[in-house]
Structures are given as C-alpha cells and as structure tokens.
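Lifted from Swiss-Prot, the feature list:
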type     : residues         : note
BINDING  : 37, 79, 124, 373 : ATP binding site
COMPBIAS : 217-228          : compositional bias 'Acidic residues'
REGION   : 216-250          : region 'Disordered'
REGION   : 589-609          : region 'Disordered'
REGION   : 654-679          : region 'Disordered'
MOTIF    : 675-679          : motif 'TPR repeat-binding'
C-alpha cells in the first residue's frame with residue numbers, strides 16, 4: 001500500500017495545537033461532536049436513497065456503533081453513512097479550512113468554552129481532546145476504501161486500503177486514547193455521555209462491550225476420575241436407568257467465556273412525534289443539546305392540521321451564532337423531515353433570513369418523500385409551512401412576558417428583529433411591538449412602542465425619536481431641548497440598524513414616527529405659532545446674512561423655536577440622510593458616493609472678517625453637536641485660536657496663512673446637503 005502525506009492547512013494546524021496543548025475540563029464533548037457528524041453522514045445517504053434505492057445496497061441498516069477496546073486503548077466509532085472519497089478525506093479533514101476555523105481559535109483565545117467547537121464547523125478535531133492519534137477508514141459508493149491517519153503533528157497520511165477488512169459503506173473512526181483519557185473506554189462513562197448529549201439522535205446508537213459470562217459445560221474430567229475409583233472398589237449395585245441418566249447430567253462444570261454484546265443506547269422515539277404535555281423541559285434541553293453546547297432560551301412545540309399536517313419544534317438559542325449574518329452561510333438550523341425521513345437542512349423558503357437563528361425540526365406527513373431540494377422551493381405547500389413564522393412570533397411574545405428572559409433575547413437577537421421590521425412587510429406590525437429603546441422618560445430601563453403610546457397625551461399624534469452614535473451622545477443633543485420642555489417623550493436610537501427599521505416602519509398604532517434631527521413640524525399652540533412668526537420676521541435680515549456667509553454649505557438658515565440651550569444646530573431635510581446615517585455610510589467601503597456629493601466652493605465677499613469667522617465657527621460647532629463631522633479640522637482650530645485671541649485682547653495686525661485659509665475655506669457639507677438647514 002502506497003501512502004501519500006499531506007500538510008494540514010495552516011489554520012487547522014494552529015487549531016490542533018491549541019486543542020492539544022491547552023487544558024480543558026469538559027473533554028467529553030468530543031463524543032457528541034463525532035456522533036453528530038456520523039448522524040449527518042447517515043442523513044446524506046438516506047436522502048440520496050430516496051431517488052436511488054441502490055445507494056443502500058451495500059448496507060441497508062443505518063446505524064452508529066461504538067466499540068471500546070481496553071486492551072489496545074482504542075475507542076472505535078463507525079457509521080453506515082455516505083462515506084468519504086479520497087478527495088473528501090484530503091479536503092474535509094485537513095487541507096481546506098472551514099469558514100469557522102479562525103473565528104473559533106479567536107473565541108478560544110478570548111476564553112470561550114471548548115464546547116462551542118461544533119458551532120464553528122470543526123467538530124471533527126475535538127477527537128484530539130482525548131486521542132493522540134486518529135485513524136479514519138472510509139468507503140464511499142463512489143470510490144475505493146481509504147485510510148486517513150494523523151497524530152496532529154502537522155501532517156496526515158491517506159492510503160488506499162487494499163489489505164484491510166472491507167467495511168461496506170460508511171466511516172470508521174479509531175481514536176487511540178491518551179493514557180489519562182482511558183475512562184472513555186468504560187461502559188458506564190460512554191452510556192452517561194451518550195444519554196446526556198446524544199440521546200435524541202435519530203439513528204440507533206449501539207454500544208459493543210466485551211463481557212465475561214459464566215457458562216455450564218459437561219465436565220469430562222470428573223467422569224474419568226469417578227471411573228477410576230469404581231475400578232479400585234468394585235461394587236455391584238442395581239440402578240434404575242433413569243436415575244443413572246440423572247447422575248450423569250450432574251457431571252458439569254462452570255467456565256468463563258468472553259462475548260461481545262451490543263446494547264442500543266437511544267431507544268427514545270423522535271421527540272417531536274410525542275405529545276408536548278408528556279415531554280419535560282429536561283428532555284427538550286437534551287434534544288436541543290445534540291446540536292449545541294448549552295441550553296436553549298425558549299422552545300415552541302406544536303402541530304398543524306388541515307390543508308397541511310406537520311409537527312415542529314422550534315428553539316431560540318441563548319446567544320447568536322458567530323456567523324449569524326454571513327451572506328455565504330449554509331442555513332442548516334431547521335431540518336425538514338417527511339414522515340420521519342430527513343429531506344434537507346437547506347430549505348431556504350422554510351423560514352425567512354431574519355429568523356435564521358431559530359433552530360429546530362419540521363416533520364410533514366403530506367409532502368412527497370421523493371421531493372428534491374429544487375422542487376421543494378417551488379412546491380406551494382411550502383408556503384403553508386411558513387406559518388411557522390407566526391408560531392415563532394408567538395414564542396417571542398411569550399418570552400416578552402418575562403422581563404429578564406426578554407432582555408437576554410433582545411440583547412442577542414435585536415438585530416434580527418430590526419432586520420425583520422425592515423424586510424418583512426407582512427409581519428412588520430407584530431415585530432414592531434418587540435422593539436425596545438431607551439427614552440427621555442424610561443430612565444435606565446428600555447421601553448416598547450406600545451408603552452410609549454400609552455404615555456402619550458390624548459391629543460398627541462407623533463412618536464419622536466433621535467438617532468446617534470451612543471446613548472451618551474443623544475442624551476446631550478440640543479435637539480431634545482424644546483421637546484423636553486413640552487414634556488414630549490423621545491426615543492433614543494443608537495444601533496445602526498434602528499434607522500433602517502424606522503424608515504420602513506413609518507408609523508405605529510396610527511402614530512407617525514418622526515426623526516427630530518431632520519426637518520419636522522413641531523406641534524404648537526396658536527399663541528406659540530404667532531410668537532414664532534413674529535421672531536422669524538424680526539430676524540429675517542440676520543438669517544439672510546448668515547446664508548450669504550455660509551454659501552452652498554447650507555440650503556437655508558431659519559429662526560427656530562426648537563432650540564433652547566444651543567444658539568444653533570444643523571438639521572437635514574425630511575427625506576435626506578441624518579447625521580447618524582451619514583456616519584454609517586461613511587464607514588462602508590463601497591458606499592454610494594452620489595448621495596454624499598459636496599457642493600463646490602463659493603467665495604464670500606463684502607463681509608467683516610470677524611463676523612465671517614464667528615459665523616463659520618457657529619456652523620462648525622453646530623455640525624459637531626448635531627452629530628456630523630468637520631471636514632477641515634485645521635480651519636476650525638484656527639477660528640478657535642482667533643476667538644481666544646479676541647477674548648484676551650491680543651492685537652492681530654496680520655493674519656497667518658492658516659487664518660486666511662480658515663476664513664476662505666469652505667468645509668464640505670454633510671450628506672444630502674441640498675436638504676440641509678441651520679436652525
């Protein structure tokens with residue numbers, strides 16, 4: 001047999017080194033990860049056999065077998081699944097790193113639990129937690145039988161298995177256990193781990209144990225001894241024939257015999273087929289943890305009857321997966337079965353992208369068994385299955401009844417809820433009820449839009465909100481002044497996804513949603529309106545002068561009653577970008593620059609130099625307090641220095657070149673500047 005030696009991909013070598021050289025107490029998770037991989041292999045061959053039954057000819061018994069060997073210190077696990085070709089062994093077990101390899105190493109370095117390894121797609125390597133050498137023998141219907149082996153020293157060997165015992169189809173994995181890990185050869189330990197972590201695996205798991213039994217056999221030696229004694233002391237005695245047979249039958253002895261016995265470790269039927277009333281929370285947790293390393297946050301177990309019959313169990317995890325929003329991520333959180341036969345874990349129509357964190361099982365009685373992935377997406381019955389979204393929303397509302405649980409949920413999955421508000425028009429009103437924000441009246445707690453509406457004055461028709469980079473920044477915004485004075489509540493939106501969601505939501509419970517950093521009409525009394533119009537007329541000349549000085553930096557300058565503590569502020573137009581959105585778009589490398597084009601410079605003339613400088617300074621400070629950035633910080637600094645000089649009565653007969661530049665330079669305007677106003 002000729003062997004080929006390959007080097008592990010660099011990231012995989014680093015991962016193996018990390019696993020081998022770091023001390024972890026929870027090593028038993030290796031068995032869960034390997035059994036999960038074997039179960040996936042069985043799913044794949046079962047699915048292929050739906051369209052081509054001949055795929056199972058080499059072995060129709062789909063199962064997982066575990067065999068401990070104390071004498072040789074090996075633990076063997078095998079399946080009758082799809083098996084691996086030579087290329088599969090080379091690529092999947094060494095030369096091509098999974099997308100999660102790097103992320104998992106970073107998580108481990110940061111102190112994450114080793115139990116998370118399966119969530120990053122690298123569960124196979126958990127074998128090296130307990131083994132110093134791993135041998136994999138695999139046979140695919142599409143190739144010869146091959147052996148993969150490595151002691152994780154940076155390389156692995158792949159050999160065609162011409163001399164070994166044919167395994168038919170599937171994969172056999174032999175773990176050569178470290179001296180300190182031989183407890184995993186004990187029958188009781190294996191049973192304990194499988195029951196705790198893999199009890200609800202769909203396929204039977206058999207444990208093969210060598211047991212010593214006592215057996216009664218005829219004792220030939222005893223009969224010979226008795227005959228010799230009879231010769232020495234002959235005695236004539238008539239014995240009944242039946243009695244003689246009985247005497248001979250007692251001439252036996254007990255011997256010890258070693259025999260391998262098998263025992264099924266997971267006899268429990270699929271949990272989703274049982275009555276929810278008969279299932280304990282511990283059983284749900286055990287089922288969930290066959291594919292995760294920690295408990296779930298919430299579960300929904302239900303059945304649907306009528307046009308389509310199906311059962312489903314849906315789980316909300318405790319935390320978001322590392323690759324939640326990766327565009328190329330394989331969606332494998334919901335497994336679809338038809339009459340307990342696994343069909344696919346990639347039914348993209350089964351659940352919307354914003355719910356991709358939901359895990360579970362859907363088992364239909366009505367879909368055809370031979371359904372392919374392609375026809376699955378076209379089949380109109382799948383549209384009916386989408387009512388699982390409604391059940392999921394019910395689950396979210398149940399979580400919301402417990403403040404502590406909902407806080408955990410919202411912390412992990414608020415981005416998904418906001419994505420749903422943005423993308424799912426049909427369920428947008430229901431999702432909006434799940435949104436939570438801090439506000440001017442909520443203190444340290446968050447508030448829902450529903451609670452906001454209940455606190456609104458009867459005549460009030462608007463829900464006000466402000467967007468910004470942080471809670472601290474928006475709490476000190478000058479835009480809040482008048483609204484606070486009028487006792488109007490304002491929501492604080494500080495997540496980049498908030499503004500996207502609000503632009504789609506537009507209103508809630510018949511109340512219009514308004515961003516106070518943009519141009520809007522403030523509710524006012526007739527007397528307030530009269531005072532505002534009088535002041536606008538009085539300061540019309542000043543506003544016009546400021547417009548002339550600022551030129552194309554602004555659309556217009558207006559007298560505002562929306563400010564109290566600040567002399568001025570920058571607002572964008574109703575349909576333009578807010579300061580927060582401009583900041584977000586600037587951070588995107590491939591942003592659309594057409595919306596943030598700047599106006600060309602326009603020189604100003606005929607104005608007093610000091611007035612111009614102070615006006616520029618007011619404009620720039622307004623940019624800062626309104627959440628924008630200053631494009632020419634050196635010019636801003638020059639104007640500050642000049643203002644300090646004036647305050648100290650320092651004579652400036654001549655301007656420095658920096659000051660001249662500060663007077664004449666025109667800073668770039670914020671996004672969507674054609675809709676911009678100065679209050």
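These residue numbers are counts, starting from 1, taken along the chain as shown.
A Cβ is built for glycine as well, from the same backbone N, Cα and C atoms used for every other residue.
Projection of Swiss-Prot feature records onto the structure.
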| residue | record | CB count, 10 Å |
| --- | --- | --- |
| 37 | ATP binding site | 19 |
| 79 | ATP binding site | 29 |
| 124 | ATP binding site | 20 |
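For the recorded site, residue 124 (ATP binding site), the DSSP three-state label reads helix. Taken together, the residues in the motif 'TPR repeat-binding' (675-679) have a mean pLDDT of 51 on the 0 to 100 scale.
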